Every structure is written in C-alpha cells, then in structure tokens.
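Structure first, commentary second.
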Amino acid sequence: MANSLYQKHIISIPELSREELELIVETAGNIKKEPQPDLLKNKVIASCFFEASTRTRLSFETAIQRLGGSVIGFDSAGNTSLAQKGETLADSVQIIASYANAYVMRHPREGAARLASEFSNGTPVINAGDGANQHPTQTLLDLYTIYETQGRLDNLNIAFVGDLKYGRTVHSLTQALAKFNGVKFFFIAPEVLAMPDYICEELDELGIEYQLLNSMEEAIPELDILYMTRVQKERFDESEYAHIKSAYILSAADLKPARENLKVLHPLPRIDEINIDVDKTPHAYYFQQAENGVYARQALLALVLNESL
C-alpha cells in the first residue's frame, strides 16, 4: 500500500481513511515489537503546546526521541511572542514551521490546527488537540489499543460512559470506528451530557447501530470495550455534580458479568469514575493504553515524514 500519509496534515479523524487508520495501527505494532531508532534521524519536530498537557506532550516528545529526531518548542504559551508581544497565531506558525520538518500543536481554540495548516507553508501540522473539537492522536492510540486487545477493529461492541457532550476523545473515536464494519455503540450518559446530535446523525446516515442508555449495568455483559470518561465538575453545581458522578463510577463488582475479553479504557486523568479496585482486574487496560500513545505517535510521525518505511 502506498503511503498516502506522507507530508499530510493530521487535523481531524474524518479526513483519514480506513486504510490510513489501519496503516498507522499496523506500523505502531511493528515499532512496538521492533524499535526503529533512525526513522527521524536529522529531522526536527516543533512541539508547540499553547495549553497544558502532560501525557500528550511527553508522549510526543518521547516518540520523537525514540525515532532519533530532535524536539524544539514550548509547553506553555505564556512566555511566547504571542502572549508577550501580541504576535498572531498565523505569524507564529509560519515562523516556527520554517524551522521544523513537522509542527505538533495543542491549542485551546477550536479550529486552531486547521488555521495552522494554512500558514505552515507545507510543513505537516499534527493536531494534538484543539479545544473541544478534535484529538486525533488520542484516537489513534485508542484504535491501536483496541486492536492489540481484541485482534480486530470490525465487529465490536463498545460503550462510552460519562461526559459524551464535551469529550473530544469519544467524538473522534466514534467517527473512527464508524469506518469499520459491524461496530455497535452504547452511549451511556446523563441527558445533559449526551452524545451530540451530529455524531448520532452521522451514525444514522451510515446505518450504524447505537443505543442511548442511562446506566452501564445492562450493557456490560455485551461489551468488548468499556470506555470511561471524566464528568467535569466545573460544568455543574455541587449537588447536581454529586448525583451525576455517583451514577457513573465503575467498580470491580460491576465487571463480574463482563466477557473475558472486555477491556476498560480511559483517556486519563481519572478522578473517581474508575474505582482503584478495577486496577487489579484483568479488564483494566488504561495504563497500557497511555503507554501505547508513544507507539501510535511514533507510527504517525514515521509515516508523515517518510515516503516509505
């Protein structure tokens, strides 16, 4: 298969084909089995995080260094010319991208990554999260983790639990899995945090089955993947938050009727939505999922910056 990802901007999941997603997943698995320390030799990657990040930033920078590349950039916009001197984002991108072979960016503004791609003068832009919009590289590591644990991306039953309204990770992953066959979704959330209508409408147009549920209990026996998310406290008053939060806490006891192959995933950080007793069950896979971020991002960088591997 030709590498259609070479020199491509990675802005959103809908712009990636099933074949491209499969190529990234396959490459991540190959790199995990057999490290490739020279794929980014003599390459410079700009890592520009305009808002706080721990896992994504460190995962990207680890991926770059393990492939033999060099990193330039910053982890806070506070000390940049944008903040100190009023430079526009477009000007900043144009200058920094000229120093690098690829430009990795996280920004609080929706659409910032798309804007960056228009001013990077051909340097590939990789979206590391733009507001509540898209987080494509989280989706890539999620897909790789699902494939690693289930051996397939077709014919899966997957539930998303918690904040499905604002959680960009669940939007992107739903759109990605919708490219595969026989996937059934369970969306488990309070009405105020339900999956956005546009996602459900996309699934309706594709004829993909999904259910809207209020509790995990009835779905767990059917699932291959249980994807937990954090309910964000700042969006509720204290009493409402306490009520909603308590309805979506997963314990080891809840997993007793689960299939043997069920894996529990979470984009992290978790707060109270997964009890620590789940950590010791064979279903817990969220820490391995976070580790897989390095391999998925290595695969993406390698494919974007090498015409062939």
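Glycine residues also receive a Cβ, built from the backbone N, Cα and C atoms like all the rest.
Residues or ranges marked as carbamoyl phosphate binding site by Swiss-Prot: Arg55, Thr56, Arg106, His135, Gln138, Leu268, Pro269. Around the Cβ of Arg106 (carbamoyl phosphate binding site), the number of neighbouring Cβ atoms within 10 Å comes to 26.
The annotation L-aspartate binding site is assigned in Swiss-Prot to Lys85, Arg168, Arg230 on the grounds of sequence analysis. In the three-state DSSP assignment, the secondary structure recorded for Arg168 (L-aspartate binding site) is helix.
In this structure the residues listed as binding carbamoyl phosphate are Arg55, Thr56, Arg106, His135, Gln138, Leu268, Pro269; their two most distant Cα atoms lie 17 Å apart. Comparing His135 (carbamoyl phosphate binding site) with Arg168 (L-aspartate binding site), their Cα atoms are 6 Å apart once rounded. In the three-state DSSP reading, Pro269 (carbamoyl phosphate binding site) counts as coil.
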